[in-house]
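**Student:** Quick one: structure below, then a few questions.
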Amino acid sequence: MKKKIVCFLSVLLTVWLLLPQGAFAASFQIDFDTACDAIQLVNLDTGTVVYEKNPDKHREPASTTKIMTYIVVYENVEDPENTTVTISEKIRDELLGTGSSLSGIQVGDVLTVSQLLRCMMIPSGNDAALALADFVGGGDVQKFVDMMNEKAAELGCTNTHFTNPHGLHDDEHYTTARDLAVITQYAMMLPEFMDITNTTNIYYKPAGGPAADEKRLLVTTNRLIHKTLDPQYYYQYAQGIKTGSHDQAGYCLVSTAKKNGLSYLCVALGAPSVDENGNRITAHGECSDSINLYNWAFDNLGFRTIADADDAVTEIELRFAWNKDTLLLVPQESYTTILPDDISSSSILATPDIPEYIEAPVKKGDVIGTVTYSYADQTLATLNLVAGESVERSELLKSASTVKDIVTSSWFLTIVGIILFLLFVYVILALIYNRKKKKLRKVRKYKNM
């Protein structure tokens with residue numbers, strides 16, 4: 001059952017990304033500065049990328065890596081609620097001296113995979129991430145990392161490469177804002193992912209081990225969803241997903257927000273976390289950037305239907321139809337996207353790409369060409385143009401056209417030319433022959449006299 005769900009989600013995301021709206025990147029202009037080095041803001045309702053900054057620049061993702069870790073764990077553990085993992089000393093030892101964020105799990109703890117997923121995603125526990133990778137990889141963390149990279153490739157993330165399951169610094173551990181947005185949207189379709197990443201605090205008890213009766217608290221690291229963690233960054237419309245930071249990666253945040261029926265995903269990577277002297281920067285640019293972008297999007301953007309399947313876009317010359325010389329073409333489907341509220345419909349250009357003419361018969365819905373919608377020199381979408389009605393062919397007009405084509409064809413004219421030339425030669429030869437024949441008659445007549 002789990003494999004069927006995973007297969008369905010993979011197909012669903014692939015199809016979604018191939019839809020016209022999935023390819024739309026308008027990147028509208030904002031009126032404020034941003035601190036992050038790489039950003040992508042996506043409208044989740046349409047797949048429209050409404051703002052981006054260095055979206056394909058390689059950046060270390062820090063603990064936002066754990067979004068992919070969650071995906072690989074979920075897809076490879078059949079029953080997370082009832083599958084248990086015993087925490088070994090090697091998990092503790094491998095993270096000693098790394099300055100890792102930890103969830104507080106202890107050697108000897110017996111925890112369910114679901115508990116470890118919460119320990120990884122809520123307080124950003126590197127210990128939980130490593131324990132999960134070790135378990136799913138059969139004791140081989142590198143095998144798990146290979147699975148992460150395979151999944152990234154499967155999702156089309158060509159600018160992503162993982163070297164660990166937690167996000168600690170490594171020059172070869174990188175992604176991009178664009179790739180991380182794709183990875184996150186896939187993760188959002190997995191059961192419990194949004195519930196877990198939107199949890200601000202939760203208590204749990206280990207499933208077994210020496211501390212089985214110990215009540216432990218997990219507190220989120222996400223300032224956008226926690227009212228008291230850092231009140232200046234609390235954002236009431238935010239939901240999930242994952243934070244990340246270390247000196248080389250800077251401050252990172254992947255989050256979503258929903259307001260007035262609109263949903264957005266923001267990937268913000270590389271806000272400054274240390275100054276030129278190596279001192280910690282307390283201002284969280286990844287949070288302020290995300291909040292400012294959400295407010296800008298909610299205040300300035302809205303749904304706009306730019307193509308209506310019932311409205312003709314253009315017409316095309318139609319041949320071999322009785323009493324009908326043109327055919328109206330309509331979009332194959334209606335198309336709604338996200339646009340600035342203050343732009344007029346006349347600012348949206350529709351550019352058809354169709355042949356010079358078509359021939360009857362034509363069925364309603366037949367694809368004839370395409371139309372590209374654009375705004376401010378940016379492509380919004382390219383849709384198929386289809387016949388707005390069915391038209392039968394006139395056999396009389398077709399036959400007449402066939403005859404016309406024959407008599408005006410080069411080969412026909414060549415044959416006619418050859419025939420005329422031969423006829424001309426024949427006439428000339430006949431005249432010459434007749435003249436000679438007359439002369440012979442005159443000579444014979446003269447001799448007989």
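Each residue, glycine too, has its Cβ placed from N, Cα and C.
Note that the structure is predicted; figures quoted are calculated from it, not measured.
For reference, TrEMBL lists these features for the protein:
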type	residues	note
SIGNAL	1-25	signal peptide
ACT_SITE	SER63	active site, acyl-ester intermediate
ACT_SITE	LYS66	active site, proton acceptor
ACT_SITE	SER124	active site
BINDING	LYS242	substrate binding site
DOMAIN	303-393	domain 'Peptidase S11 D-Ala-D-Ala carboxypeptidase A C-terminal'
TRANSMEM	411-433	transmembrane segment
**Student:** Taking residues 6+ outside the transmembrane segment (411-433), which of them lie with a CB under 8 Å of any CB in it?
**Tutor:** none
**Student:** Taking the Cβ of LYS242 (substrate binding site) as the reference point, list residues of the same chain whose Cβ is under 8 angstroms away and which are at least six residues distant in sequence.
**Tutor:** SER63, THR64, LYS66, ILE67, MET121, SER124, THR197, ASN222, LEU253, VAL254
**Student:** Looking only at the domain 'Peptidase S11 D-Ala-D-Ala carboxypeptidase A C-terminal' (303-393), report the model's average pLDDT.
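**Tutor:** PLDDT averaged over the stretch: 94.
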**Student:** Tell me the residue counts in helix, strand and coil for the domain 'Peptidase S11 D-Ala-D-Ala carboxypeptidase A C-terminal' (303-393), as DSSP assigns them.
**Tutor:** 3 helix, 53 strand, 35 coil
**Student:** Under a three-state reduction of DSSP output, how is LYS242 (substrate binding site) classified: helix, strand, or coil?
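**Tutor:** SS state of LYS242 (substrate binding site) = strand.
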